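K.L.:
This is the structure, below, for whatever I ask next.
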């Protein structure tokens, strides 16, 4: 892969001449010449300076008729000079040697080239020298007089060359004698200014490319791209400027709140009238299933009814699905309580078998396998680029502001890219000194650097050690425009060889991430375990706490959670699905949070049962009480994650698969192994055995333990929910305030969503004290050039019959709307195109290299084989140090004459034959257009013999991309540009940059997030609807889940948390966790009796404490640990988002949901039924 840029030169006349070291030879005037036609002012060479630059003789003499061969040579370079000449063959060869360095850069604009050659041809060989050249000073070199200064009279059209007339010092490029360009001659002198024809760059016969001459007639119709459309719809209210979406949301909120408050006051006024609240006898429809409430007296039934109708009792009319679930859990609970060992061993054994798949465990770190699907555009384009051209080189950069380079056993020179020899293609300003500090003083120090800033493409002394030009914009930073001398920073880039097979790349980085996570996970698990052990046990009593505590039960529950995660990973590893870092970071927390909830709910349900019942009865009653809600919540979570396996982003798809199975396994272990463990723990406590040491039994009666531990006495949280929390929420004003406040935040969050930017800042994934933090900050502050951008052309037809050559190139006779012209035009508006400069074009350089004008480039020996430039072996012997016209290459001729080309374009056969020559030609001073190194990997020659080049690339640069949104917008702009060009030219063009693989996900990240969330929430709704058979209940759960997710998005906008794969996974996970806050309260409300306010109070009393202690606090203590992470990604995407989720779930589940249920809740499933005398009184079912 090439590592430097061969610039596309937009050459003005001034810069074109200044970039070449001209040595002009001529004669003299004064006493040596006459002011007549066909008379010379200078003729022949009479000496040379100490630096080797030759000097002309100040001898006036008649013009000389050259021989036929010399005349042909002169006319090939100087078509305006015919007949006699004022130069010898040696003078002409010197002229040709000097101007050929500039010709390759001017061939793209024939008018510029012709004007340039006319000036120096007339100066050197014109037969009328004496009419416009006056020798003003002479010098003695050896025994000969030589020209030391001249006046050159030219017309105004040539005045732009005046700046090159300064006499150059020894060893400095420039003229060996002073040339004073004058626009007019004194009348007394009789001299006439040189007035050879000049051509405008817009001349149709010598048309220039649009890049060189935007004013050309063929280019005038090509308008610049439209300026970027900044901003969005906004409304100004006085001095306040708000977005349209924000104003619309505010208006909608005002309307909704007004309607709600109006309804609320009307409803309140209507309910003030007395009404009978006695619940009539409810007839149970055929097929319905009724579950009698627990034998405890229901305080919600009026006392008068209980006295007058003793045969009436409470029951719960369940849906068919819930009825079968209750029946199943009744029988299953009894069976588990009688066979705990069998259940525990079988369930754990099955999961351990799944864990065996861990022997095939692998972590996927390749970005193309994580962020884009196999059918994605970025994956296909990267595969095409890597296989047809070359993999993008690996980059190592050292920022001089904060340099920190750590070496390894393999030195940099062993792995760096060396395109043209043994020197690394290091991008650094030190290349202007050949990467050798000894050259600093000898080259001229800072003066040499400033000189190279302007002449890096042409000056041989400025060429890099790896023999290629170095664009200062790629190595400097902190400057404005082209003022490189103002740079306040420099960048050193080390391109490193890369391979197509990237298997294993990034493994060390992945291991580092895993280690950082595992350390945090251990702490979080320990904190959760400590809290679980405390909350599962009874209120601490010093006399009996060592028996009533649940430390061993809590530890066992955490182990089951870990087994469910390992079982999920093991199963998918066994079938060949690789894990990801997201899975290793997120799923343990997710499953632990869900598992802890179920553990607390199950234990609390067993503890609420009658002490008089045997353990089988307590376990079965507890499962009947909470089993349906646990099943509903778990199945909703499993389905919410499972449907995510159909999304296209592999990282999210794999996460959804692993999470769904892990949550399912965790649920199954909770209702099997953990229930068995509960049986063992309660039997241990009843037998007075010490927790954690069950083999030790203490003496004494357990009557006090049973009295303190198993009496149905409300705990502190339950009493708070019943006596404080529920009564406050039952106040009508509080209800209105809660609904208005939560609705306001939800609508505000919707308005804030557009502020969430896609991306993942690189600094976030690094430790806070990493040296790379400063590196990325300095890149943002100083860098003035962005990542390389390639426009890849597929199936380029270079045959004579095709117009595609002119549709791609940007030199003379190319289409004004060609690809390269449009790229150059787009670079003029970088704020919208994100293109920094015109593209380096192998096609332009190849056509120039082929051109007969570039006579130092494409040459051939008499036998037809390739002849290199005169300054390369075998033409130039490096041992002798002489690089003149050697005998080896003296007979070399240009590859083609103009007559052999078709409108200056090669035929199919000529193109096919010379392209390999061009790609193997080394660039040098005599011909800087050689393609070796610069374009070696830009063209695929495989199969090109049929006139089709399967793949070729044109490289430019993006503008500096400082934020993640810049990367996303630059990729979108490049793709839009390529699509437009493909449609316009009917040629397949696509953009490629190495970062596209990482950022393609962000082009549709909002679509991915919305689809995932919609599917997850929809799946929860479907599960709730199937199990409860209540559309009303399912709709309320759906509303609360949607509000939690929307509010979480609003908090992301407030905290500047970006939208990426991590946050999308967290959002999907929030749906599963939020279900826990809703389902249990809603289910308890559904099966309670009384009016809505009474049922809300009973639901909070029954399940509120479990939701708060078992769901909210368990998640909170585990999340708080993450705030101490040194890596910002854990703090931002796990601590902040998880903490926000827990708080939102708590507020919605225990504040907003109870208020909504008390106002709009579904009717009660609790009914009044006649008590059957022949049924056992101890039964609580059917």
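Cβ from N, Cα, C; glycine included.
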K.L.:
Of 951-971, 1035-1055, which span is tagged transmembrane segment by TrEMBL?
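P.N.:
Feature transmembrane segment in TrEMBL: residues 1035-1055.
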K.L.:
Of 470-490, 491-511, 554-574, which range does TrEMBL call transmembrane segment?
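P.N.:
Matching range for transmembrane segment: 554-574.
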K.L.:
Choose the correct range: of 912-936, 1137-1161, which one does TrEMBL annotate as transmembrane segment? Give that range.
P.N.:
1137-1161
K.L.:
Would you say the transmembrane segment (1067-1087) and the transmembrane segment (554-574) are in contact under the rule of three or more C-beta pairs closer than 8 Å, pairs 6 or more apart in sequence?
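P.N.:
Touching, no - the transmembrane segment (554-574) and the transmembrane segment (1067-1087) miss the threshold of 3 or more Cβ pairs under 8 Å.
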K.L.:
Cβ pairs under 8 Å with the transmembrane segment (626-647): which stretch of 341-359, 654-680, 1035-1055, 1067-1087 has the most?
P.N.:
654-680
K.L.:
Are there residues at least six beyond either end of the transmembrane segment (1067-1087) with Cβ under 8 Å to its Cβ atoms? List them, or say none.
P.N.:
316, 586, 590, 593-594, 597, 601, 626, 628-629, 632-633, 636-637, 640-641, 644, 652, 656, 659, 663, 1009, 1012-1013, 1016-1017, 1020, 1024, 1028, 1030, 1033, 1036-1037, 1040-1041, 1044-1045, 1048-1049, 1095-1096, 1098-1100, 1102-1104, 1106-1107, 1111-1112, 1115, 1137, 1141, 1144-1146, 1148-1150, 1153-1154, 1157, 1161-1162, 1164-1166
